[in-house]
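First up is the structure itself, then whatever we jot down about it.
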Amino acid sequence: MKKLLHLFFPLSLRVRFLLATAAVVLVLSLAYGMVALIGYSVSFDKTTFRLLRGESNLFYTLAKWENNKLHVELPENIDKQSPTMTLIYDENGQLLWAQRDVPWLMKMIQPDWLKSNGFHEIEADVNDTSLLLSGDHSIQQQLQEVREDDDDAEMTHSVAVNVYPATSRMPKLTIVVVDTIPVELKSSYMVWSWFIYVLSANLLLVIPLLWVAAWWSLRPIEALAKEVRELEEHNRELLNPATTRELTSLVRNLNRLLKSERERYDKYRTTLTDLTHSLKTPLAVLQSTLRSLRSEKMSVSDAEPVMLEQISRISQQIGYYLHRASMRGGTLLSRELHPVAPLLDNLTSALNKVYQRKGVNISLDISPEISFVGEQNDFVEVMGNVLDNACKYCLEFVEISARQTDEHLYIVVEDDGPGIPLSKREVIFDRGQRVDTLRPGQGVGLAVAREITEQYEGKIVAGESMLGGARMEVIFGRQHSAPKDE
């Protein structure tokens with residue numbers, strides 16, 4: 001049973017639309033039809049009453065009161081409006097005259113009806129109605145068909161009661177006119193049957209049209225579902241914004257979400273790449289220290305602080321990049337104050353261990369008063385990448401100098417290597433771009449350095465060094481000190 005229910009529930013939008021609209025159409029059709037039929041029925045009753053009242057007036061005109069007796073003379077040429085039977089009563093309810101002797105019909109007339117004008121109905125079985133219409137062969141044939149279908153069927157006859165006050169020539173009379181043709185056999189009664197047929201035909205025609213309308217109306221949703229499937233299959237990057245007005249906001253928000261998720265994914269991937277690159281230096285120092293321990297060039301007591309320092313740096317770098325990955329655009333930068341000289345001393349010390357075999361000579365010309373305003377890890381990451389690049393490509397010498405203004409910090413790194421061709425001085429800051437493809441590397445370090453300096457409204461300018469190699473000028477902006485709390 002549950003499986004069967006799952007096949008139908010939850011219902012699709014098309015089925016919901018079809019069922020809801022069909023229900024509305026059915027209810028409205030029934031409501032309008034019932035109003036029309038009730039109105040027609042009321043109008044039919046009024047018309048019938050007027051016809052029977054006219055018949056009653058005719059008999060009142062033909063009636064004569066002579067010798068305390070009622071006489072009604074019917075001319076042979078009178079054309080009655082419909083087959084009827086007339087009964088005339090006095091004010092006490094006593095039958096004075098009957099057009100025909102039909103005992104069962106006389107018993108059906110209620111005494112209360114004779115007190116006032118009114119329109120009533122009486123129920124009779126098919127056989128009694130047949131006796132009442134014994135002279136009408138066409139009606140008899142119809143009654144026979146009804147009898148064959150249902151021998152216990154009842155026929156409804158309309159009854160009009162009209163009370164006439166006493167006059168100088170006539171006492172008070174009550175004339176009852178009975179329509180001998182039952183309502184069920186009148187052509188007007190067929191309206192009820194027609195209504196059923198019309199309603200059925202209406203539904204049979206409307207449901208296919210509603211299905212077409214639902215298909216056409218829900219095409220934008222089907223198109224959206226198709227685009228979502230294409231997104232899942234990686235055949236599409238964004239949803240088509242050219243859709244219906246009702247779906248525009250949804251599509252726009254979904255596209256924003258997709259773009260945000262894609263940017264977050266790219267950011268995580270970039271951060272992971274940057275983290276991998278940043279761990280190269282401390283891992284290289286650890287590797288160099290382990291070699292020194294193995295060759296007994298360094299004692300355990302000397303190697304321990306070096307290794308602990310690099311492990312601490314690895315931990316800091318992991319925390320730093322995790323923090324960067326979780327930061328959103330526009331996050332305020334740290335406003336901490338850090339002396340530049342000690343930070344560069346630690347970096348050069350680590351790089352000397354990495355490039356120990358190469359014998360790189362790194363010289364510093366940094367005033368103790370020069371400070372960096374910002375996050376320490378940002379500074380270490382930028383200068384670590386720039387200095388690593390200088391040590392990698394230099395022949396022997398690397399020189400570092402710095403100066404500071406109210407708003408900017410300038411750090412210049414020069415080497416005596418082959419330098420950077422003029423045509424490559426902008427390309428090297430793009431991810432994956434390298435001047436020398438023969439040396440190991442991924443082309444990530446300078447790109448990371450530039451991205452961080454841009455967060456400080458700064459930049460890195462590549463040029464030619466007086467030593468004959470490359471000259472990298474790192475410029476940090478936003479270096480005004482934060483106001484101190486008093």
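A Cβ is built for glycine as well, from the same backbone N, Cα and C atoms used for every other residue.
Summarising the annotation, Swiss-Prot assigns ATP binding site to 385-393, 415-420, 434-446.
Restricting the average to the domain 'HAMP' (215-266) gives a pLDDT of 85. If you look up Swiss-Prot, you'll see 215-266 marked as domain 'HAMP'.
According to Swiss-Prot, the topological domain 'Periplasmic' annotation covers 38-194.
According to Swiss-Prot, the transmembrane segment annotation covers 17-37 (among others).
Swiss-Prot lists 195-215 (among others) with the feature transmembrane segment.
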Just to be sure I understand, if DSSP states are collapsed into helix, strand and coil, how many residues of the domain 'HAMP' (215-266) fall in each? 39 helix, 0 strand, 13 coil
DSSP three-state call for PRO418 (ATP binding site): helix, strand or coil? coil
Please report the DSSP secondary structure of TYR393 (ATP binding site), reduced to three states. helix
